[in-house]
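K.L.:
According to Swiss-Prot:
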- 25, 154, 215, 236, 237: D-ribose 5-phosphate binding site (BINDING)
- 82: active site, schiff-base intermediate with D-ribose 5-phosphate (ACT_SITE)
- 166: D-glyceraldehyde 3-phosphate binding site (BINDING)
């Protein structure tokens, strides 16, 4: 049974079902219900949204299981939860609880600075962040069923998510015109498994979905990421740190679905209050940048 449920094909198929949708961070049952009613395809249950994690400092860990369970009981859509990079036990606890996906997340303080989780050893599918094709291929090689840009979480600034999406897409384009010898050299240069790169070259795309995450704060941000080739959008602090979370949630879902309907997006934006306050990425030191976590 577990071999069937835990196969790459099934895990990736589950992630494909979220394609074109919005996944929202929530910290309680009420927020989860708002997200579901707004049209979210899944929710991410956590103790604090990324902007609060950033503001609080210290060590950020897996959410209290009570919070995750509360969210799971409140909605019918899939529920994700975050585990620290390399923290086998946090991931096993979440798997035992029955979450639908685990995010091995740089938003939390890494538990292991050398190794990511061997995601292929779990039954539950994983989502992981990436900034470039090397990171994407390494995570896929470890068993990730879904990818997302790292962006810079909790900033309300889309610039890093844009950079990461463009970087992955441009490297995939370069890869598709390489011969086998060039792929071998490229694999060495970017620290990626040759077999994964060969698979990407043969298919002309990543073998898993790649969502946008890290800095999405407005309907325009969500639509931009879809324009750039994202398979869907994660929204962390952007919704529940806005002036009107319910309206923002619905607007971001609609903008993601109709990302080339600019008149609609304009109308949606005009009816909203103030978005979350953003941070200038250049004012963050390397140590403050969550995207630098992992390898």
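Keep in mind that glycine also has a Cβ here, set from the backbone N, Cα and C atoms.
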K.L.:
Consider each pair of residues in 25, 154, 215, 236, 237, all listed by the record as binding D-ribose 5-phosphate, and report the largest Cα separation in Å as a whole number.
P.N.:
12
K.L.:
Fill in the CA-CA distance, residue 154 (D-ribose 5-phosphate binding site) to residue 82 (active site, schiff-base intermediate with D-ribose 5-phosphate), as an integer in Å.
P.N.:
15
K.L.:
Specify the count of other C-beta atoms within 10 Å of the C-beta of the residue listed as 'D-glyceraldehyde 3-phosphate binding site'.
P.N.:
13
K.L.:
Which are the residues of the chain, 25, 154, 215, 236, 237 excluded, whose CB is within 8 A of where the CB atoms of the D-ribose 5-phosphate site average out, their centroid?
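P.N.:
Filtered neighbour residues, in order: 49, 50, 51, 153, 155, 156, 214, 216, 235, 238, 241.
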